[in-house]
Amino acid sequence: MVPAGRLQDKFGPRVVAAIGGVLVGIGFIFSSMTTTPLGFIIGFGVLAGAGIGFGYASATPPAIKWFPPAKTGLIAGIVVSGFGLASVYAAPLTKWLMGNYGLQRTMFILGIGFLFIITGVKTILTPLWFGFSQMLQTPGENYVPRTTKAQKAAAHDKDNLAPSEMLRTPQFYMLWLMYACGAGAGLMIISKLAAIADKQVGISLGFVLVAVLALGNGGGRILAGMLSDKIGRKATMFICFVSQAIFIFLISKATMENTLG
């Protein structure tokens, strides 16, 4: 994501998004053609993972630049909710493909889909997407988002640090650690939810729970964004991290006889 951010500043978000789609597609196709753990790590972990990072980095930064600071949280939440909601269709689609074609063919089909849908269709339809097309480009240097008097009063300047200066502050490492722990815990649950449902509570349709979790994941991003605009980033992060800890603890206690039974 760091190289993607650098490239976006230089070439714009559309180029970075296209690179991300290509990397994900190539990663899935490469994974479909390998039979070794190392090959799968390179294809799915390195190439596809890097592509996802490029896609993530290309979406949020340009979008929030089109709106006033008082709406930054909401806009960021709406944009990244797409990543959370993807499992709503991806989980049942992948399960169906694997049941009919097996793992390797499924990876190949998904890889082709990423290559042509994300890159080809985007290139063809971008001029027709109007508002979305605008979000995939950075506003000009003289562009100033329209704000109300209340929004102007609420917005205030912070220290504008260069990346090298930011890396010398303890706050950066505290935030990085917080997000690493929070995101890591959430991703572990997402990746193992189907197995948890099967082994712990005897639910065989784990992909349904993955889709339900995706709805909460996407909706939670929008809600958290709105909340952060209202009560501030620190208070919102505190609420999110405490809630996450409580809910993960409750999942560990779920059995056939109680929560999910």
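Backbone N, Cα and C atoms are what each Cβ position is placed from, and that goes for glycine too.
Annotated in TrEMBL:
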type: DOMAIN; residues: 1-261; note: domain 'Major facilitator superfamily (MFS) profile'
type: TRANSMEM; residues: 12-32; note: transmembrane segment
type: TRANSMEM; residues: 38-60; note: transmembrane segment
type: TRANSMEM; residues: 72-91; note: transmembrane segment
type: TRANSMEM; residues: 103-125; note: transmembrane segment
type: TRANSMEM; residues: 176-197; note: transmembrane segment
type: TRANSMEM; residues: 203-223; note: transmembrane segment
type: TRANSMEM; residues: 235-252; note: transmembrane segment
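Sequence-distant contacts of the transmembrane segment (12-32) (same chain, six or more residues past either end, CB-CB distance under 8 Å): 4, 39-40, 42-44, 46-59, 61-62, 104-108, 110-116, 118-119, 122-123, 126, 136-138. Looking only at the domain 'Major facilitator superfamily (MFS) profile' (1-261), the predicted model's pLDDT averages out at 78.
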